[in-house]
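Here's the structure we're looking at; comments come further down.
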């Protein structure tokens, strides 16, 4: 099955494990043992909030790293896909459904590992038990977020393939991670406008993962317990709306994919 092949290929992707898991665990180590060293003695509730804010942002980076791997996978398949859709039984809908499903499963696997690393490191550091307060919410958000990242990566690649060419593919492939760093760090320390936070799927991912891990309302500034809160319902609506909108656009563009040679990437 295509789904099995896609999933195995992603799970064997060494750069994904290196940047999406090991490097993110290093970030968690910094959050647990380095940045926390300057904190005053905190009540348990504040510790849970601190832990959850780190988890939410790092999991976002992990899923953005998955998007990069998906981008390169699609780019190197473009030439064969264009002909397969025309001359074999493989249809764009079948291919895309398996591509999205495998991305969701792999994203869940990576997210579970980040949850485990967060729980282990921060519980050890603060000497209290800090498990996810709403594990089912964390799983649901991680799955939907994986689909969103897949859809976003696919959109960027298909725009290149169909309209712009592959010369700028390296930069474009990293856009999901660049946006992740921008929104992730901003929500940790900065008060962004509510309208922007509700409109951004990245903010929705961070906020919902934070709420799922901590069990607390979503804060505008995740590291500030006295910060104003966001409505989780609107964040979830934003995430779902963006996901389905991108999937519909991807389905349209994938059916019109053009054969491109990967040699274009080497042109100056």
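We number each residue from 1, going along the chain as drawn.
Placed from the backbone N, Cα and C atoms, the Cβ positions cover glycine too.
Since the structure is predicted, the reported quantities are computational estimates derived from the model, not experimental observations.
The transmembrane segment annotation in TrEMBL covers 16-35, 56-76, 96-124, 136-165, 171-190, 202-222, 234-255.
The list of residues near the transmembrane segment (16-35) in space but at least 6 beyond its ends in sequence, with Cβ under 8 angstroms from a Cβ of it, reads 10, 54-55, 58, 61-62, 65-66, 68-69, 110, 113-114, 117-118, 121-122, 124-125. Only sequence-distant pairs (6 or more apart) were considered; of these, fewer than three Cβ pairs between the transmembrane segment (171-190) and the transmembrane segment (234-255) are under 8 A, so the stretches are not in contact. Within its own chain, the transmembrane segment (96-124) has Cβ neighbours under 8 Å at 1-4, 6-7, 10-11, 16, 20-21, 24-25, 28-29, 31-33, 47, 50-51, 54-55, 58-59, 62-63, 66, 70, 74, 130-132, 138-139, 142-143, 145-147, 149-151, 154, 213, 247, 250-251, 254, counting only residues six or more beyond its boundaries.
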